[in-house]
């Protein structure tokens, strides 16, 4: 029978209970039992790191007890269990809690605490709350919180953090209000939790007030400042995020990655590249998340050169080639139009997920390779890889490009089976698909059944109607769209003007032009070209010329629209002159313009044509 090595040593009831549960022999007990039992009384007191007592709140928030840095193995078992030197039981209880591995152990220690420890300290309760939350037991954590006779900032913050972790944002908001009404001063962890809650609830006004309170209380630090940067990024206020970021005294790779990701996600790829360059210049080593964000920016900005350099760095520095890095490379190459490289990376990946497959399929669809997109979608289905909404949108786009109506209907049926027919992006893609496949009635039904419609949904329908010869319906949909308070974009206006041109409805065309003049679309080159075409088709050539002359920039489409307008209205000489002017500005003529002008001006007198031909020949050939 085992007999204690030190019979004279007296052990507390709580410690005896814990040893019964987790190991009887002192040498078999976890190291922390020795760590908090010292031979000298001053060493039994936990030491708070920091220069003043203000660090106490941060210490309690982390729920981590710190002692002298000496190794517990330096003390023999005789000194470890001298009764007169045993640390207070509640501190030992806290340490047992922090080392618990599952809920069962927590409950056993909790029972021991209630049975054996008198005058339980607040921070011991805080440890119970934190451990229950850590192991997914929010109800038990709340029960402990409710039974506390006294609570401090750590108690309230731990519970608030628990609600946020479990996604119970309404409960978190109610808890926060109760917390604020108690008038307990906040600590840094509280600010981080509240800012996180504001992001989750999209309550950016409250978040700004929290930031103001933080500044007023002179709260600062790497984690807290990073949380503020993240808050402004989530709110789309990049200027404020940059302002906080630039004022930070210290930054880490996580903070750099946050700001780089923000630039990438908000279409500011060039700034993402600049911030990445600054990060490297400051001596920080990018991690996988940083690399993924920069690769996303490369894809959006068509920065193939930098993307290839990053790919080389990934291989050379042996970054962890996980699913996320591999998927970012597949997506980057696809967006840059390099489908062979994209496929090569895809084939070299040992593991792939839904996003990886979707990136490749979307790349094929975006680059006009609909057959490859459909083929890979079939493989994806055979391997029983679940498709997400973006997969559906991409394959619907591929079906539309190929005119594969039957395949599109199969995908539509799958959308119903997955109960995602209410998704606005899928709905818009379905409208576009049916319009491309000349199925007006199906497109109209999908649009009418959509619970929510945005500018993309309406524009898909309006452009489809204009293309299918349903010009009057296109204008009716435009009125309905405006009635729902949805603002048209440049593509909407272009499609509606095309319908007006087909109907030769100058009155409706002028009304649309009047609306365009009140928006930034008035300077858009495609809208300007559509206006020229509409006025020319309606016989109002002077208005077409006025629009052409007022355009801040012109492309091949606008030049073509004006030249054909001259030719079809019998002003062949002006058409030829404009062709010469167009060529003089370095824009290459295409066969369509030349054929259209020659067809419309076939009876032009030879001397005029000869003179104009000499003018072309003196510059350069337009053939």
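Backbone N, Cα and C atoms are what each Cβ position is placed from, and that goes for glycine too.
Secondary structure of the repeat 'PPR' (121-155), assigned with DSSP and counted as helix (H, G, I), strand (E, B) and coil, comes to 26 helix, 0 strand, 9 coil. The feature repeat 'PPR' is assigned by TrEMBL to 121-155 (among others).
Positions annotated as repeat 'PPR' by TrEMBL: 252-286 (among others). Long-range Cβ contacts of the repeat 'PPR' (252-286) within its own chain (Cβ-Cβ under 8 Å, at least 6 residues beyond either end) map to 222, 225-226, 229-230, 233, 236, 238, 241-242, 245, 293-294, 296-298, 300-301, 303, 306.
According to TrEMBL, the feature repeat 'PPR' maps to 353-387 (among others). The average pLDDT computed for the repeat 'PPR' (353-387) is 94.
If you look up TrEMBL, you'll see 454-488 (among others) marked as repeat 'PPR'.
Beyond the repeat 'PPR' (524-554), the same-chain residues lying 6 or more positions past its ends with a Cβ under 8 Å from any Cβ of the stretch are 490-491, 493-494, 497-498, 500-502, 504-506, 509, 513, 516, 560-562, 564-566, 568-569, 571. Marked as repeat 'PPR' by TrEMBL: 524-554 (among others).
Helix first, then strand, then coil: DSSP counts for the repeat 'PPR' (555-589) stand at 26 helix, 0 strand, 9 coil. Annotated repeat 'PPR' per TrEMBL: 555-589 (among others), in sequence order.
Long-range neighbours of the repeat 'PPR' (353-387) within the same chain, counting only residues 6 or more positions beyond its ends whose Cβ lies under 8 Å from a Cβ of the stretch, are 323, 326-327, 330-331, 333-335, 337, 339, 342-343, 346, 393-395, 397-399, 401-402, 404, 407, 414, 418. Remark: secondary structure over the repeat 'PPR' (524-554) totals 23 helix, 0 strand, 8 coil, with classes taken from DSSP.
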